[in-house]
Amino acid sequence: MALPITGGDDIVRSLSMGSSAGNRSGRASSSFREVWKSSSNAFSRSQRDDDDEEELRWAAIERLPTYDRLRRGMLSQLGDDGKVVRREVNVKKLGMQDRKQLRESILKLVEEDNDKFLRKLRERIDRVGIDIPKIEIRYEHLNIQGEVHIGSRAIPTLPNAVINIAENVLGSLRILPSKKRKIQILKDVSGLVKPSRMTLLLGPPGAGKTTLLMALAGKLDDDLKLTGKIKYCGHEFKEFVPQRTCAYISQNDLHFGEMTVRETMDFSGRCLGVGTRYEMLAEISRREKEAGIKPDPEIDAYMKATALAGQKTSLATDYVLKLLGLDICADTMVGDQMRRGVSGGQKKRVTTGEMLVGPAKVLLMDEISTGLDSSTTFQICKYMKQMVHVLEITTIVSLLQPAPEAYDLFDNIILLSEGQIVYQGPREKVLEFFEYMGFKCPDRKGVADFLQEVTSKKDQEQYWFRKDQPYRYISVSDFVQGFSSFHVGQQLANDLAVPYDKSRTHPAALVKNKYGISNMDLFRACFGREWLLMKRNSFVYIFKTSQITIMSLIALTVFFRTEMPVGNVADGAKFYGALFFSLINLMFNGLAELAFTVFRLPVFFKQRDHLFYPPWAYALPIFVLRIPLSILESAIWVCLTYYTIGFAPAASRLFRQYLAFFAVNSMALSLFRFIGSIGRTEVVANTLGTFTLLLVFVLGGFVIAKDDIEPFMIWGYYVSPMMYGQNAIVINEFLDERWSKPVSDPKIHEPTVGKLLLKSRGFFTVNYWYWICIGALFGFTILFNILFIAAIQFLNPLGKAKPTVIEEDGDKKKKASGQPGTEDTDMSVRSSSENVGTTGHGPKKGMVLPFQPLSLAFHHVNYSVDMPA
């Protein structure tokens, strides 16, 4: 189809129009480019301005003196326009929001960010050429012996308890030799634990794992005999403080149930201190300043916040809470028998975290997986491995039955059985060693389970793989000899043969100070905790106050002043009764202190042995904080009873009685605390408390008059604290003017009725004895507190579990020991299946009990809990 052709003028016009349109579009695009260029320049200028402002702030921090520079940091936050801006903060005064923001910036997802965070931390240290303190542990020819009762004597019966006490007393006086049998817990154990290696300690129950860890931590019981050498970097225990150099994490979860998880770990971190973090940070900061290096702001803020000692709460606590998965229950009470709290697995993690917040470079962790599922155990071991590898920490972890994935996280294995080390070396070589000995782990068998069963007489045969040779039982001693000829064992022996060069020890590796912070900071920390515990137990103190209020109301109604005439000898008996009743109430109101003391002692003993604080720092806040309670209780009693009963009306007499009751109440609280520290268990403490109170009452001067006490017991009258309290209040009352009426009977030599009443019961009749008695009461208060400090300093917990050894026949004993008459016994823990099961190897030991298998059936069991609306 043909198109119409227009004239030339139309073509020219159309071309000109197209040309003008093209010019307009070109101008528009060029103007757009100019706008874009100007806007991008403005954005880059804004970015440069922000960077310049940040550089100026950082330069201002760098110009500060060292003390101030180590307390200032930079934190990131979103501005109003959505941009990330940095602001200067004081790391010692970080608020809750700032701490949360810093924690989220460095550790938002623990699974992904923990390793990155630790590597950034290590990178900053390495960049300025600072060495991290490292510790190597060596133990050579370690033997540990204990003493136990044998057979029926080990059963905890009342006759046995009496006989044991008598034997201990006679044995301490060298009159009667000990009838206990010696058991060998560890036998000639030698080994080497290097830093930056995760070491797993395996062994069946009773193998001696806990004893080995406690020996390495310097916390072995005094009744165990240790021979051999344990050295940290070539230094023996007497050259440093092992309890502060390493952190031993016990199997027992002992915590104050009234405190939250965060408060428990904050207190631990505060007492343990920061070690050499502050000195290291100061050196890092100095070298970075000289080299012109700008550190990562978040890493810098974290290191500064965790390097300051004595803080009530620390960022290190937040980090450990996040690491152990305790951030979800950080503000939940730990709980105890009387108070709901966290679960058993969470409490076990609190025990672990309590020591991780400290600065220790050696971690000895005993059965940390008890109560935890395999997934949680794996996560904790994974994070521990990251810390160990990056920060070069020396670690031994004892696990009973680790899952295969948790087992694979470890670098080295120590296999302990019957008190001897069967294998110690790389995890990859352990199966090779047992194949060398003739045993092979099945493909679908967990290696950890195989290692714990292969040394057992009952389970060993199934793993024998040399079918061309007849199976024979390989004892633990044979395994030990085989390991000495295995190449890993030979390498270990060669390493131990070369002494550790002490000159290579980092100056900050071994701790020489007994406590982590100053005495004043320790007192402040314990004072703050005691005040917190008092607030959490406020019901008890409110109940005590209510109790003494009710008893004072009863007293004022029984001894009401309208029924209490004065002036005659016959009237004095009622006043004696009122004063004695008052004294008893103010003494017995302090009885709750005994239960409190006994209940808290297990936690104290744990923290004392870990050198959290000295005993005086624990005892002094308790004494100081009980003073206001004594003032309040005494004031309530005196205010409600003094004038309503009708005691001496002079105001000076009122205040003197108040002072006497306050002194009595303070003395009673101190006495009950001391009795609780001596008893250490509820039964023993209550028995001692009852017996002491009976003596104090009988010899107090009211139940039995002084003149009626036999001469050989008169010393008890003068050492009874109640006597001084009784004398103070009766002297204050009966030497008042209203009792100064002359005695009408000429046969009586006392000039006044008041002095006659005092003399009739053997009390002092001179006014200055009031002040002597007040001084004696305060003296007893100080004495009982000193004795309380001494008791918790030198005494240890009662009722520790002791192993029981089955008594063997004389012939078997001689055969086992190799020599007649020996008293050494190998400690072995046998399961019931070993005792009653049938096996073709070795004689049976112990008593075979009749056993009848029973079936247990359950069907459609439902359990429901009512939830609040």
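Just so you know, the numbers here start at 1 and follow the chain as drawn.
Note: Cβ is positioned from N, Cα and C throughout, glycine not excepted.
A TrEMBL annotation is a machine prediction, not a hand-curated record.
What TrEMBL records for this protein:
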type	residues	note
COMPBIAS	16-31	compositional bias 'Low complexity'
DOMAIN	170-443	domain 'ABC transporter'
TRANSMEM	539-560	transmembrane segment
TRANSMEM	580-605	transmembrane segment
TRANSMEM	617-645	transmembrane segment
TRANSMEM	657-676	transmembrane segment
TRANSMEM	683-705	transmembrane segment
TRANSMEM	768-792	transmembrane segment
COMPBIAS	828-838	compositional bias 'Polar residues'
**Fill in**
Counting Cβ pairs closer than 8 Å to the transmembrane segment (580-605), the top stretch among 539-560, 617-645, 657-676, 683-705, 768-792 is 657-676
**Request:** Rank 539-560, 657-676, 768-792 by Cβ pairs under 8 Å to the transmembrane segment (617-645) and hand me the top one.
**Result:** 539-560
**Request:** Could you tell me what the rest of the chain brings near the transmembrane segment (768-792), counting residues at least six beyond its ends with Cβ under 8 Å?
**Result:** 601, 604-605, 608, 615-616, 618-619, 623, 656, 659-660, 663-664, 666-667, 670-671, 673-674, 677-678, 721, 724-725, 727-728, 731-732
**Prompt:** Do any residues of this chain, six or more beyond the ends of the transmembrane segment (683-705), have a C-beta under 8 angstroms from a C-beta of it, and if so which?
**Reply:** 576, 580, 587, 591, 594, 597-598, 671-672, 675-676, 713, 716-717, 719-723, 725-727, 760-763, 798
